[in-house]
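Comments concern the structure below.
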Amino acid sequence: AVTPMSADQLALFKSSWNTVKHNEVDILYAVFKANPDIQAKFPQFAGKDLDSIKDSADFAVHSGRIVGFFSEVIGLIGNPENRPALKTLIDGLASSHKARGIEKAQFEEFRASLVDYLSHHLDWNDTMKSTWDLALNNMFFYILHALEVAQ
């Protein structure tokens, strides 16, 4: 189930994301470092040494796509008029990932690695943690549901 965010939580969520969203390469690097099984799902990166590809153009482009997706979703959250756009984005993510054999467990691994990254790059305290937990609970509720029903 989804729990609405207060205006203060929403503002903190968005402003804190804005402080890290340009660290695309570092975010994806942290996810791959913690989860080689996720890296293995990307044909252009499978089986390659992570440190040797981190500074490549391909890695930068793909990092931008992944982090850009989160930025787009986060930008739309909080305005009920944006729900159709959010649904379209999330349904597209779910169907493209299901087609590539990505499972719920890998989304959960991604989430855990993202939180770990955030906890080291934001002013992490109980308020920040609870805000991100709530926001990601809501986002992943929709993402995992869409993954389940995707064709």
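Positions of Cβ are set from backbone N, Cα and C atoms, glycine also.
Lifted from Swiss-Prot, the feature list:
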type    : residues     : note
DOMAIN  : 4-148        : domain 'Globin'
BINDING : HIS62, HIS97 : heme b binding site
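On the 0 to 100 pLDDT scale, the model's mean across the domain 'Globin' (4-148) is 97. Each residue of the domain 'Globin' (4-148) gets a DSSP state, and the totals for helix, strand and coil are 114 helix, 0 strand, 31 coil.
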